Amino acid sequence: MGNCRSKQESHPICPNTQTPEPTEAEFRRAAVNSLYGRYNCKCCWFADRNLINCSDHYLCLRCLNVMLRTSNLCNICWKPLPTRISVPTEPTAPSE
């Protein structure tokens, strides 16, 4: 029963190991107001500050780090996660 081995073809684990192009997202310190209120992290639903735009939703930095540890795809939209973050210069005082 378990003594004979079946012929198995040797398949490489990752035949096409290509590094995906880094995707860039914009960092938001405060969430943008929308018609239905403030945006939140779509993963934990608690964070409304320090959000990263991921295709059609926002993720907080904590959830983004957790997702990047396991995979390079988003668990919500199944698109590549942003790996580069661009921080726009935000004014600290109103312009005169």
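Including glycine, each Cβ sits where the backbone N, Cα and C put it.
Swiss-Prot tags one of the stretches 19-22, 47-50, 91-94 as motif 'PTAP/PSAP motif', and that stretch is 91-94. For the zinc finger (41-77), residue counts in helix, strand and coil come to 10 helix, 11 strand, 16 coil, using DSSP.
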